[in-house]
Structure formats: structure tokens, C-alpha cells
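K.L.:
From TrEMBL, here are the annotated features:
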type     : residues : note
BINDING  : Lys546   : ATP binding site
COMPBIAS : 825-846  : compositional bias 'Low complexity'
DOMAIN   : 519-787  : domain 'Protein kinase'
REGION   : 820-846  : region 'Disordered'
REPEAT   : 118-150  : repeat 'ANK'
REPEAT   : 151-183  : repeat 'ANK'
REPEAT   : 184-216  : repeat 'ANK'
REPEAT   : 217-249  : repeat 'ANK'
REPEAT   : 250-271  : repeat 'ANK'
REPEAT   : 288-320  : repeat 'ANK'
REPEAT   : 358-390  : repeat 'ANK'
Amino acid sequence: MGNYKSRPPSSCADELKKKISEGYAVVRSRLNDDIKPRFDAWNMLQNACFQGTLKTLEESLKSLKNLDERTEDHQLSLLHLICAGHSEQQSEKVAILFEACGDDDMKKESLLKHLSKNGFSALHFVVYKDEIETMEKLLAAGANVDFSGRNKLPPLHLAVMCGNIEMVEKLIDRGASLQIADFVNFTPLHCATYFAHEKIVRLLMRRGADPNACGGVRDRPLHLASNKGQISIVSALLEADADPTLADDEGNTSLHFAAKTGHVGIIDLLLLKIGAGHQELALKTNIYGDTPLHTACYAGRLDAVKRLLDFGGSITLNMENVFSETPLHAACTNGRNLELVAFLLKQPGVDANFQGQDGHTALHSACYHGHLRFVQFLLDNGADQSLTARAVDYSLLPSSTPVSSTIVQTMLSLSKESASSVTAGSSSVSSASLNDDQQQTPIIWAYEKGHDQIVALLKYYANKRPDSDVCSEYSSGESSYTPLPSPLGRLRSVTKEKAEILQLRASLCSQFHLSLTDVDFQEAIGSGSFGKVYKGTYRGKIVAIKRYRAVAFGSKSEVDMFCREVSILSKLQHPNVINFVGACLDDPSQFAIITEFLVNGSLFSLLHEQKRVLEMALRLNIGIDVARGMRYLHELAKRPVIHRDLNSHNILLHEDGHAVVADFGESRFMAQHDDENMTKQPGVCYNLRWMAPEIFTQCGRYDRKADVFSYALCIWELHAAELPFAHLKPAAAAAEMAYKRGRPPLPPHPTVQFPAHILYMITSAWHHDPKSRPAFADILPNIEKFASPVKSPNGVPPSNTADCGLLSVSKLKNHWERKGIPQESTQHSSATTFSTSSSGIVSSSSTSSILSSLSTSTKTIDELRQRLDRNGYVLQPVITVDNTSIS
């Protein structure tokens, strides 16, 4: 018996089929490369052969003394060029070329046998292009119909591969061999079956092809057809007396292959062909001891399993292969079909705790291969995790017939090496005597492979047993206690992260690969849990550099966030999404993302740090810009994206006031539907204040409507000039919205701050039920029609322009308090009016005019203070606004 852990991940047949597929793909690629025109590299005669007229070719040949001329690139002869050409006169050109040879048969033979750089003759070219007339002229001139060239590819195989049935028939008429083999040891019938050309299969058998011909590993056409699920070809082969009982070098019959693909119709045809001996065929094993039922279970084919049981009976249910696996074990090893496991457990005589000769159960198999759902299902159905397997490395030998095939012997020797590597480090023992420390429970197998979730699940179920106490798992012997995480679990995490970075390096366009040495750093302009953001220059342009702290592999969140943000940013291009310049991927200590630099910074900074008041037109335009950017992310990008972290920190402003959406560290492509991505909270805690309830509560899956909720809070913040729930901490604010369904205050009726369309949009967008929230495609038409230009095209000036008349509200507040406005004053004919700056930020024509206006104001200091909120914002700013544009 063989050690279970030494079972090869794939069979010889599987590996061979991969090589065959790759081989034929290479043939096509090389032929296409040879016949590709290269006009600039060819001389006049060579171009005339390929695409010139007959007259041009004749004139060129008259002055040519040597007909053995070759192209420099692919060593194509003049005959190759004619056969590769694209015109209806190519066959006539062949005749002209042979006429030029005169009676010199050696020249003709040289042209016919000459091979291109990739190893093909002119005959291969015309067969590949399906030019029958030219092919016949070549054969009439003496071309060998079975000439294989360096690629060991006879022309008949090439015609079969391409599915050119008329060409196939002409070549057979000209004497092409039906038994000759190609470079993969396929006969023409094998080749026709492999490429599923049914008509050619039937033609070949009518012309005398052997339906039981052997391939390189004694594989038959019937094996190929059964493996590919080609029921019509299987039927044709059986009609021509193909034998279903013949096995390949691994001992696989056609029934094994049909069971693997799960094609019930083919299974029926094969077993009915055998007639009374169908049970014997159903019980036949390959060199690994697998019956067709085992093969079906390894592949997770439930329907095939049911049909095989109908023919073979229940005797196969408890048959073990050389790896001590019954069909139930096999179904749990590959973990492809949980319904299949449930079906097998219902069969009479099938026990979830059946132990093979090495002692391992189906639970061991599922644990070893990391199939979490299968482990839980087995535990729920009575699997005993205290049963032990023995770590014995038996010799891998077939159960019956001796092994004669070289390929099988090689497989067996590799399996032995694999087994020895798995058990390396353990003390060597004889197969006759086993020590207690080699008795392995399922939890040990899971721990050995690094499946930490399964280890935790097994511990949980062990502690649920009525006969166990809290400490039972830690006091029941050495094999029971396993710490978390396992060494292999940690190694798998590190390996996964390295793979992610390597994949990112390979997939990212070369134009986005940057080096930190090419970037000049200036001052730091921000920071976060990831690291710092710097202002800098790259190739003469000012950029923002998001520099990740030096990350060691295994720091999952930082590596994941960096790889995710780069992969997403590199696929986005929109005026309202931050422009990606590139990324530094050389080393974890050098990780950085470079984007465009926006001089006005974030909306959060503008509102809450600089405390600037924005005119209504600018507020509306910012809301429209953000909605446009979000609609692009959700619907118009090639790979739609959920932002998951939309807030005023991540809305940045250009100098002209236009807004862009930034920071995609927590974003996900919508195609990523795994539970971990779309049920858990993003990792940035300070942004809980803008988080949708369905994300905060983690009570189910969420979608792009979570971004709509965050957008509503951003728009409220923009118009109220306050943080949402500013009196609460971020987590408390999120809980208020999620559990109490609280929302920031809105006026009952439209106001200057909150026009009617903004009130309506906010109310619908932050609805508790995500399904009731509008999409950005629905939001945009309702707000775009209210857009109005900012009063000056210069946009938002930088915050250091106060000398030019720009005053923040906090400065105005301080000035008012210093002036000490009297409690009572005379009435004033009109309210103080402030003008707006080029950015849409409240300013005046000059500082002195504002001071003069304030000094003569009839408002008392208490009234002015009432107009300021706790953060120093003007609740009802007295500014001139064109209400006709927003009413």
C-alpha cells in the first residue's frame, strides 16, 4: 500500500494531455510565424513569389541563376514563399518555378525537401492553408506525402488537426499512411478524435484506420473520446469495434475516463457494449487501485457515481485503492461536491468513520486538503476526530499486475520520493512496528498542512462533546494540542503576499513602474496608518507621494492595501477620479504610490481645519463632481469598483475648484464577491463616521449602495459645514446611524443652505434600506440641472491669500469679539452683505470695508455668536446668492 500523503496531485494521463495540448499549440504558432509576410526584409524576387503577378515572377526568374535562394530571417525557399502567398495564382506560380528547374530533378527535390527555420516543408504550408490544387502540384512534382520534417508532423496529421476533411481525403488518395505517428505518437485517428472532428473520424475508419491503435502510452482513440465527453465519436468508435476493456499504461480504461468527465451517456454506451461483463469492467482498477467509481468521486461527479453503482453494485463502495481510500475518502480528498459526500453517506454499508489500511478516515482526507465545509459536514454527521492514522511509508506497488511501462515506473519512483520528503524529520520505523507518537488524528494532519481554520473548528467540536470539559483538548495527549497559527499557516500567508506582489509587478503596465530615485521629496502633507503622504516632483511635475512604511512580509493589511490600491488606480481614468502616475514596487521598504497633486487639499481640511465658507455654486459643483466620479467607479469603469471609504478626507479639490475622488486603499473590484471582502468592515477606523450601517453592523453582504450612503453624509457635511455627529466619537456616530437609525439634522423645509433638491437627494441617499437608495446614475440628473458657474474662473485660491481679501470665519469671529460691539445700536437700513471670492469662498472687496461694515452693524455680539456653531461656522452666512439658480 502507498502512503496517502504521497499520492501524486495529477496522473500521468493528465500530464501527458497537457503536453499534447501545448505541443499542438506550438505547431500552430510556428506555422503562423513562418507564413507571416515580411515584405521589408525580402528582395524583389521573394516579394514576387509571395504576392507578385505571374509576369513579374517569370521576369525575375529569367535573370536568376541559383534557385536555392533563401530568406535571411526564416530560411524560406522560393517554393515556401509561393506556398505561403495570398493569391489565386499561387498554384500557377509553383508550375512556373518547377519549369525554371528544367530537367534538373535535384533542384526540384531540394525545393521540396527544404525546411524552414521552424522545421516545415512547403507541403506543410499548403496543407495548413488548405490549398488542395497547390498540394496536388507539389505531390505530382515528387513531394513525399508522409514527409514529417523536424517537427515529426506528417501532412495528414496537420490536415486532420485543422479539420480540412477534403484535404484529408486527397492525402489518403495520394497514399498517406493511416498508421504513421506524429511527435506525440498519435495516429491520424487519435488526432481526429483529440480535436473532435467527427466527420474525419468516420472517414478515417472507412478508409481503414484501426480504432484500437495504440498511442505513446497505449492510449486509444476511445480513451481520448471518453475523456473529452465526445459521445458521438465514442458511438462511432464502438460501431467500428473499438474495445472498451483495453487499458493504457496506467491501467485506465475508457470507463475510467468517462467517469472522470461525468458523462453518463458515454458510461451507458461503454457498459452496454460489454453486455454481460459490465460489472467486471466497473470493478476494474488502474495501477493506483482506483475503480471507475473512485475516479468519479475524485472528480466530484455525482450523476456518474449513481450510474456506476447501478451497474457495479455496492461492492465498490468499500474498495480501497493503494492509498487506503474508499470512494468516500476520494470525494473528501478533492472536495469538489458536498452533495456527493452526503449521497455516499446514505448508502448502505458506508460509514463516516471507516478506516483504511493505514487508519485514516474521510475526515483525515478532508482535513489534510483543507476542505473546511467538508470537515464541518463530516463532524455534523458523526465523524470521530479521535481516530488515528499511521504515518507509514509503504512501497507504492500495484495491487495485481506487474508494472512494465517506463512512464508508470517513473511515476512510482517520483511518488516514493515525494512520500519520503513528506515524512522527512520523523524517526524511521519499520512497517511492522509502530510507536504511539505516530498515531495521527485529523487535527494533526490539518496542522501539518497549515489549515488553521480547520484546526480551530476541530477544537470547537471537540469541546462541544458531552464527555469533554474545557481543558479536554489540552490534556488528552500530545497529538491533541496544536497551537495557532501553525508554521505552515504563517508560511502560506507570507507566500501568498509575495505572490500578490509578483503578480502586481507582472500585470502593471511598464509606464506605471517608477523608482523612488526618480522622485524628489518635499514636505510631508499628511499621514495615516499606512505611512505618510509627501509633496514632491516627478519629471518636473508636482505630485503626491503616498509612502508606505517599511513593511515586512506577513503584515497582511499593509501589503494587501498597497497591492489593491495600485491595481485599482492603474485601471481608472476619469476627470473626477485622482490621476494615477505610478508606483514603486521594487521592495517592501520602497512601496509608494504617486498621484497628481491637488493644491487645495481635501474637502475636510477646507471645511474643518481652514474653516472656509464656500459659496453655494461651489458646493453644488463639488457634489456633482463627486457623483460623476462615483458613477464612473460603479458603472462606467472597465472593472467597476466599490470605494468603501468615501468621506471628506478622500475628496480632493483642484485649484479651479473641481473635485476628485481619491484613496482606494479600502476599495474592491465588484467582481470580487468573496465573503471576506464584502461582509467585513474596511480597516480605517477614523472613517467610521461616514460608514454605511450595513458595513458597520457586518450583518450581511453589502454592495455599491454603501457608497451612496457615505455620499449623502458628505453632501450634508458640505452644506452644513459641520462634521456628521460632531459631538460623538466616530464609532458612536456609526452606531447611532446603524442601530438607532439616527441621521444628522436637516431643516423641515428648503433653506439657503439646503435647497429642495439637495434635501430630497440626501434623504433618499441615506435611507436605512440599501435597496431604497438611488444609484449615482439616478442622482446625477437631479442635481446637474442646478449647477451654476463659480463667479470667477480662477477657482479656489490657496489659504494664504487672506491679504487679498480672503477671510475665514474664525478670523471674522475673533475680530467681532475684539471689536466689542455694543449691546444696543441704532437700526441699519439693510443687512450686511459679503461678496464672494473667485473660489466661491466668502470674502470682501477689502478688509477695511468689512471692518467698516461690522462697526456700523446693528447686530449685537450675542446675535452674532448665535450665528456661529460650536466649531466656529456661520450657520446662516449672510452672503449674496443667486437664488434663482438653486430654487
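Backbone N, Cα and C define each Cβ position, glycine as well.
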K.L.:
Per DSSP, how many helix, strand and coil residues does the repeat 'ANK' (250-271) have?
P.N.:
16 helix, 0 strand, 6 coil
K.L.:
Against which stretches of its own chain does the repeat 'ANK' (118-150) lie, if we need a Cβ under 8 Å and a gap of at least six residues from its ends?
P.N.:
30-31, 33-35, 74, 77, 79-80, 82-84, 90-91, 94-95, 98, 105, 108-109, 111-112, 156, 158-159, 162, 164, 166-167, 170-171, 174-177, 180, 182
K.L.:
Give the mean pLDDT for the repeat 'ANK' (118-150) on the 0 to 100 scale.
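P.N.:
That stretch averages a pLDDT of 93.
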K.L.:
Would you count the other CB atoms within 10 A of the CB of Lys546 (ATP binding site), including those on all shown protein chains?
P.N.:
22
K.L.:
Give the residue counts of the repeat 'ANK' (151-183) per reduced DSSP state, in the order helix, strand, coil.
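P.N.:
Secondary-structure composition of the repeat 'ANK' (151-183): 17 helix, 0 strand, 16 coil.
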K.L.:
Helix, strand, coil residue numbers for the repeat 'ANK' (184-216) per DSSP?
P.N.:
16 helix, 0 strand, 17 coil
